[in-house]
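Notes to accompany the following structure.
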Amino acid sequence: MPFPNSSDLRPSFILASIPGLEAAQSWVAVLLCCAYILALTGNCVVLLVVRLEPSLHAPMYFFLCMLAAIDLALSTCTVPRVLSFYWFGTREISFGACLLQMFLIHSLSAVESTVLLAMAVDRYVAICHPLRHAAILTNAATAKIGLAAMARGVLFFLPLPLLLLPLPFCSSRALSHSFCLHQDVMNLACANTTPSVVYGLTAILLVMGLDAVLICLSYVLILKAVLRLAAWKERLKVFSTCIAHICVVLAFYVPLIGLSVVHRFGRDLAPLVHITMGNIYILVPSVLNPIIYGVRTKQIQRRILSLL
């Protein structure tokens, strides 16, 4: 296929509609809007409750606030644009806006992965070294971890749009999602994308992949410490402090792995599968995280009831 001329190097992209449900997209948008409002409300409530409740001024809940802020940013940089498309038919997204949205999605996901790792380390220290917990995870250390997580996400994923910036793009501008992802945009380029493929895979493995391995390692160590306890009731009581974090980790990594598998090996799958997995990846963690911690944390429950 011939390369486009210079006027075509900065094309707008066409967002994917829901195949077979084009006529009902406005109703699908209502469901997405309800999920988005639920995510906004839940995460804002978490931020407010931790701010107002002195007993929650601890590293675990500061990390939870970081998680809530990331979920707010991640859902806000994608869902309003999707709703605009579904309700008003604005299918085109400019080249610059697409690259910016792509960078925000991937970098915020990396920051969230790092925060989940920090929460796993917090649980490890609290269970395996309880006497040193306050000395190791101080408020200053927690703030530094948050800044490091943000810097890590930006530095690792800023090259993704920069690698796509000089590439020419083919006449086909149709994406397979209702928002921009690196793999999706990269597949539309009419040039050698090997550097972009290699760097994207490397960044994913060094950030999300490494974090997942370290989270699993921390829980292996936690299980070893819990099994040393004599009484089963004591074991269950100690390990129950990790249940909420485990659920949040699954809510983040399961959609991420599912979406990655669909991108790498599911090119022959129906377009509906790609769109559904993309929406799950964006919305499910943002909706579930505040619900999980609200159900599992009595202090948050009591404070919410007092606010109501």
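Glycine is no exception: its Cβ is also placed from the backbone N, Cα and C atoms.
Automatic prediction, not curation, is the source of TrEMBL annotations.
What TrEMBL lists as domain 'G-protein coupled receptors family 1 profile' is 42-293. Across all of the domain 'G-protein coupled receptors family 1 profile' (42-293), the predicted model scores a mean pLDDT of 90.
Here the transmembrane segment (27-49) has Cβ contacts under 8 Å with residues 18, 21, 56, 64-65, 68-69, 71-72, 75-76, 79-80, 82-83, 86-87, 279, 283, 286-287, 289-291, 293-294, 300, 303-304, 307 of the same chain, all six or more residues outside its ends. Annotation comment: TrEMBL describes 27-49 (among others) as transmembrane segment.
Annotation source TrEMBL lists transmembrane segment at 61-87 (among others).
Among the features that TrEMBL reports, transmembrane segment is placed at 93-121 (among others). Sequence-distant contacts of the transmembrane segment (93-121) (same chain, at least 6 residues past either end, Cβ-Cβ under 8 Å): 10-13, 15, 60, 63-64, 66-67, 70-71, 73-74, 77-78, 81, 145-146, 148-150, 152-154, 156-158, 160-161, 164-165, 179-182, 185, 203, 207-208, 211-212, 214-215, 218-219, 245, 248-249, 252, 256, 282, 285.
TrEMBL lists 133-158 (among others) with the feature transmembrane segment. If one looks beyond the transmembrane segment (133-158) by at least 6 residues along the same chain, the residues whose Cβ comes under 8 Å of a Cβ in the stretch are 57, 59, 62-63, 66, 103, 106-111, 114-115, 118, 122, 125-126, 203, 206-207.
The transmembrane segment feature in TrEMBL is assigned to 197-222 (among others).
The feature transmembrane segment is assigned by TrEMBL to 243-266 (among others).
Positions annotated as transmembrane segment by TrEMBL: 272-295 (among others).
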### Query
Residues sitting near the transmembrane segment (272-295): Cβ under 8 Å, six or more positions beyond its termini, same chain?
16, 18-20, 32, 35-36, 38-39, 42-43, 45-46, 64, 67-68, 71-72, 74-75, 78-79, 82, 105, 112, 176-179, 181, 244, 247-248, 251-252, 255-256, 258-259, 262, 266, 301, 304
### Query
Residues of the same chain, at least six outside the transmembrane segment (243-266), with any C-beta under 8 angstroms of its C-beta?
67, 109, 112-113, 116, 119-120, 123, 181, 183-184, 204, 208, 212, 215, 219, 273-274, 277-278, 280-281, 284-285, 288-289, 292-293, 295-297
